[in-house]
Amino acid sequence: MNTYYYLFYSFIFYAFFGWVLEVIFHIYTQKKFINRGFLYGPICPIYGVSAVFFIVFLSRFNNNYVLIFFGGALVASIIELVTGYLMEVLFNSKWWDYSNEKFNIKGFICLRFSIIWGFLSVVFMKFINPPVSRIIFWIMKNFGEVLYSFLFAGLIVDIVLTVNSLIAFKVLFKELQEILLETKSSMEELKENLALEVREKIEGRIGYLSDVKERLIARISQRQIYLIKAYPHMKSKKFDLAIEDIRKRIHLK
């Protein structure tokens, strides 16, 4: 049970630490605050999951930098690949895209970032995790199950809220995509028809579709806007028009 608590606290600590790093990086590069957390809370789960897997699989190589490097690169790349693939399958969207990088696999992972993960895993195992582990053991000794119960309950609630938000987002994408495709088709039909009566009918249809689109856009929550901003490279073959339309509106605000 102590091992379980240790891994859970490690997940929370590094997920929060990863969120802080992401926010600082985007403040430095884009000169503005962007909440890079995938969940509502200030955590980036992929950092926490990667840290836990590093601890579980790389601790046995503690004195071998080469094995830690290659093991860390492999573990992190697998996590990123599986996560990216599942996100695309479940929500029909690619949340990050390395397609422009050399030696990438379906845009989910690439050699450059795998190498970076390898170096980070060495730094993590040799310099970061030892002192952090001492802090975690101190927390376990003094707060133990009480803090764990609070954090675990909060995490579950956050996950449920996030999944519900993503499902609603997917439904909105689908409806908006259908409206935009129908509008595009009507616009093309309008160009081909010269008869006044037909043109008026098509224009009326386009006006109706525009009203429906505005009502759909009004349903977008602040959280969903955060996700679009946090993942500017998000792509979807199925909802490409919808994502692009929402992104343009956000940038105009």
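Every residue number used here counts from 1 along the chain in the order it is shown.
Each residue, glycine too, has its Cβ placed from N, Cα and C.
The transmembrane segment annotation in TrEMBL covers 6-25 (among others).
Per TrEMBL, transmembrane segment is recorded for 37-59 (among others).
The transmembrane segment annotation in TrEMBL covers 65-87 (among others). Cβ atoms under 8 Å from those of the transmembrane segment (65-87) belong to residues 46, 49-50, 53-54, 57-58, 93-96, 105-109, 113-115, 117-122, 124-126 of the same chain, restricted to positions at least 6 beyond its ends.
Distant neighbours of the transmembrane segment (108-128): 50-51, 54, 58-59, 62, 65, 68-77, 80-81, 84-85, 94, 96, 98, 101-102; these residues of the same chain sit at least 6 beyond its ends, with a Cβ under 8 Å from one of its Cβ atoms. The transmembrane segment annotation in TrEMBL covers 108-128 (among others).
If you look up TrEMBL, you'll see 148-173 (among others) marked as transmembrane segment. Counting only same-chain residues 6+ beyond the ends of the transmembrane segment (148-173), those with a CB under 8 A from a CB of the stretch are 5, 8-9, 12, 38-41, 90-93, 216, 219-221, 223-224, 227, 236, 238-239, 242-243.
The feature coiled coil is assigned by TrEMBL to 173-200.
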